[in-house]
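Here the structure is laid out as structure tokens; the discussion comes afterwards.
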């Protein structure tokens, strides 16, 4: 009897497992892509202080990668209103400088502004908030799930921020459609129109998380008057100002003074970069590393690549470093004065990326320079062109078929699934891009090294074929072509 009961339970578990497998079956076929396209935003929502553009997350390419992409443009003296996300966005600052802040539940307000009291009995704090950070062009900002986020442009030039949202994150308990939960304002959802296409749902009238509450209830719950409740719910706005609003008179932020404005320092480096690289090869010095370390908190090195385990004294979420610069002005990981540079950031460099399970890569190529064929070992890659255009950008699927052969120009995005081989050649004086990776420790493998190994094995197995020329031809920048040919000749000679 006991054996019969155990056998029955086994069949039940097998039946349930089969049902769950059938339910997940459609998602397993989303990456059977025969053709890729360089996509541009297909939805635009204008606001008082800027606009937000989005790509369709239901597109087969984005569904394969499990991500959503958006681009926000903030005009001078404009504020991206506070919101929280059910997923963790990774934001790249394409252009501009400004401030951003996050509100972590349970963390104390450590920035306080003293003010003399009218009676002269000392000082009292009139304003306090959690830490506010300064961002600049080329920064990667990690926003943990459920954390309130805002951004402000205090400069005279627009700010352009590109955001990647991991729709397949394990922290998401809703469906795959991205949603922003705003805490203020009266505006519509950026991605909601994709969900409403083909349905007869009500028009998206906008609002925030307080709009549905009754005013009497909010007055008692928040201990505020009716005027503040109306502003909180956006009732006093004659028209929808949107998610980005103009700040009359500027925004007062309590921050420590800086010795030198970062935006001026970054702009000078970018202006001198082209001339320095053309005049002579740049020799990376310890002074450059020291300058970057001064701009970054010293606790950055505590979670370095020496150890993957926490020792109990790692940075807490309240004091975690949430942004790092990977732009042209930072020290590159790969550098060739005649070809270009590449800079990456992973959870080894920025520990906050562990919460997002995302990483990023910034690349800049000179004209006619090539990024050799390579593929991502453990991540999907979302390429977004920042400047210029690239030609001969190939992507090969598991069948060896070319799924993309064309140009990628500024403002367009291309999804490169895991293990799809890809190569790029710059057609502009400078082609720059940012690649979002769906792994906080993403790795790439260059196909050239694999070909060298295969060629060596082939020569070893067939010693008599050493006199024949190798049938492999690569397109490289002229400065490295001769070196590569020497490598191809030297490796087989070891087995002759």
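Residue numbers in this text run from 1 along the chain shown.
Yeah, the Cβs are placed from backbone N, Cα and C, and that goes for glycine too.
According to Swiss-Prot, the compositional bias 'Basic and acidic residues' annotation covers 257-269. Annotation source Swiss-Prot lists disulfide bond at 31-64. Feature annotation from Swiss-Prot assigns region 'Disordered' to 240-311. Taken from Swiss-Prot, the feature signal peptide covers 1-21.
The number of other Cβ atoms within 10 Å of the Cβ belonging to residue 31 (disulfide bond), over all protein chains shown, comes to 19. The secondary structure of residue 64 (disulfide bond), as reduced to three states from DSSP, is helical. Its Cβ placed at the centre, residue 64 (disulfide bond) has 19 other Cβ atoms within 10 Å.
Mapped onto three states, the DSSP output places residue 31 (disulfide bond) in coil.
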